[in-house]
Structure formats: structure tokens, C-alpha cells
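Asks: Quick paste of what TrEMBL says about this protein:
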DOMAIN    34-268  domain 'G-protein coupled receptors family 1 profile'
TRANSMEM  20-42  transmembrane segment
TRANSMEM  54-74  transmembrane segment
TRANSMEM  89-111  transmembrane segment
TRANSMEM  132-153  transmembrane segment
TRANSMEM  173-195  transmembrane segment
TRANSMEM  215-239  transmembrane segment
TRANSMEM  251-271  transmembrane segment
Amino acid sequence: MTFTNWSISEETLLDVAHIAVPIHGVFCVLSQILNGMLVLVTIKSPRLRSNCNILIGIQAASDMVFCWYFPFFAYNSYSNRFVTVSQCFFAQLIPAAGMNMSHIVMLFIGLDRYLCVVHALRYKSIRRHHYFGIYATMAAMYCGSIAILLYFTRSEDKVLCFIPEAAVESAKTVWIAAGCCLTAVIVVVYAKILLYIRKRPSEADQETKRIFKALFVIVTIYVLGYGATVYLLIVSRILFSDPKLGQVAEFSAGSFAGVNLDMAFIVYYTLSPVYKAEIRRFFGLSKIVESSTVFASAEDVRNRIRRESTI
């Protein structure tokens, strides 16, 4: 049951989409550039080889894939073209997987930092291929489950194809609920890291603290953006029975997601001296400056083990 019986025509929905397309286009183009630089720097720099650096590169790549929703959305909007939910699902399958992948990789980054700081001895003994194999399995299960849900609930209803329209309303509800649960776990993991560092400030060196600060800023922006998105979607479902008005809310909510897509590069560049140095070196703007690896590398873990062995 909804509180209003408001509705809009397809022509009005298209008019709103014509305004939304340039806004989303700016976010997506910036995402391809900024996240692309993060991916390239991660690949090229021998100093960004820790597990967490690799996970950050994977998340940046996932955000780039997420933005592939834009061409089909823009084409349909300016062509005044509506497609079925089933067609939209196949068109947005890969971008939706990129979005889900980025979401769960943020959890993996938090888990990696938690293991490194709280369980340094175990972290040191982890075999990398087993470690990433576990994460890959978890990501495949999460992304695959959502894709299967969307596939088996497809319909022939006509929609203006934006990423959420790859799902019918019931599947969309489950999708949002799964994202909310995952976000809650992310908040818990990063909160535990923050509490641990505050209780034992001597166990984290200055560079580690800087990168944790960058991660916390990114997570805060992400959670606030995701929360605003979910809030708008829930309010629209309570207020409107017309799915076209729901789509207008989704266009607006997508702007918050766009901010999340573009912030990672800016935060790492401004808060992490090593990322800043590597990015500048990649573009030939400065010479490499000797420094420790951005995240807990072998040397960081060895120092931590020495401290624990003396206890």
C-alpha cells in the first residue's frame, strides 16, 4: 500500500531521463579515468603488490565495469526506447556484476586489514593463491546468487533500462536487502579495526595509520552514499505505486552512487603519500621516493611478529 496515487507519463519519465543522462555521464567518464589510473598504477608499480593493494585495484576495476550500464541507458533515453525487464537484465548483467563485485570487495579490503593488524602471525602464514581463492569463491557466490535471482524472476514488462530495472520489484527488494546486510557487515569490520587501533596505537606505524584513515574516509562516503540511495528507494516505494515515479527516484539515487565511484582515487591520492608518489611517478611528474609499502608488507608483519614474540 502506498500513500499517494501520483503517476507520470512515459513522456515525463523520458524528459527526466534526458536530464539525468548528462549527470550520470560525467560520473561514469570520471570513473573510467580515475579508477583506470588506480588500476594501471597497481599493475605497473612494484611497490603496490600487497594483498590490500591488489584488492583496491580489483575494486577500481569493478567500478569501471559498473559504469558500463551508461551507454545502453543513454541510448534508450535519447531514442525514447523502452525494453522488457528480460532484455534489460541481459543488457545490464555485466555492469550489475561489477557493482556487486565492488560492494563485496570493500568488505574483503576490511577483512584483509583486520587480519593483518589483529592476527599478524596467521596473516604472515597465509598462502596468497589460497587467500584470493577464498575471496573469489565468496564473490562468485554473492554475485552469482543475485544474477540467478534476477534471471529467474524476469518479466516482459516494459521499462526504461537503468541498472535497477534489470530486476522485477520482488527481486529488487531482495537485492537491496542483501546489499544492506553486506553494508552492515562492512561497518562492523571497519569499526572493529578502528577500535583495535585506538586501544593499541603503538602497533600501527604512521604509514599504516594514514592508509587506514583513507580507508575509513572511503567507507564513510560509501556508507552514507549507499544509505542515501536505499533511503530514497524505500521512500519512493512507500509514496508511489507508479513504477515510473520509482524510476525517477532511482535516477536521483544513482547520483550518490556516482560520487562513490569517483572518490577512491581522490582519497588515496590526497591521504596516502605512497599512492600519491606512485601516481605521480607513473605520469612522470616526480621521481620515486623511498618509502615503506602502502599496506602491511612483509617487513610490517615481521616487525609485528617480533613485538608479539617478546610478550
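Positions of Cβ are set from backbone N, Cα and C atoms, glycine also.
Just so you know, TrEMBL annotations never went through curation; they're auto-generated.
These numbers come from a predicted model, not from an experiment.
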Asks: Could you tell me whether the transmembrane segment (132-153) and the transmembrane segment (251-271) have 3+ CB pairs under 8 A, leaving out pairs under 6 positions apart?
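Replies: Contact between the transmembrane segment (251-271) and the transmembrane segment (132-153): absent.
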Asks: What stretch of 20-42, 54-74, 89-111, 132-153, 173-195 shows the most Cβ pairs under 8 Å to the transmembrane segment (215-239)?
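Replies: The stretch I would name here is 173-195.
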Asks: Which of 20-42, 54-74, 89-111, 132-153 shares the most C-beta pairs under 8 angstroms with the transmembrane segment (173-195)?
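Replies: Top-ranked stretch among 20-42, 54-74, 89-111, 132-153: 89-111.
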Asks: Tell me, what is the mean pLDDT of the domain 'G-protein coupled receptors family 1 profile' (34-268)?
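Replies: Its mean pLDDT is 89.
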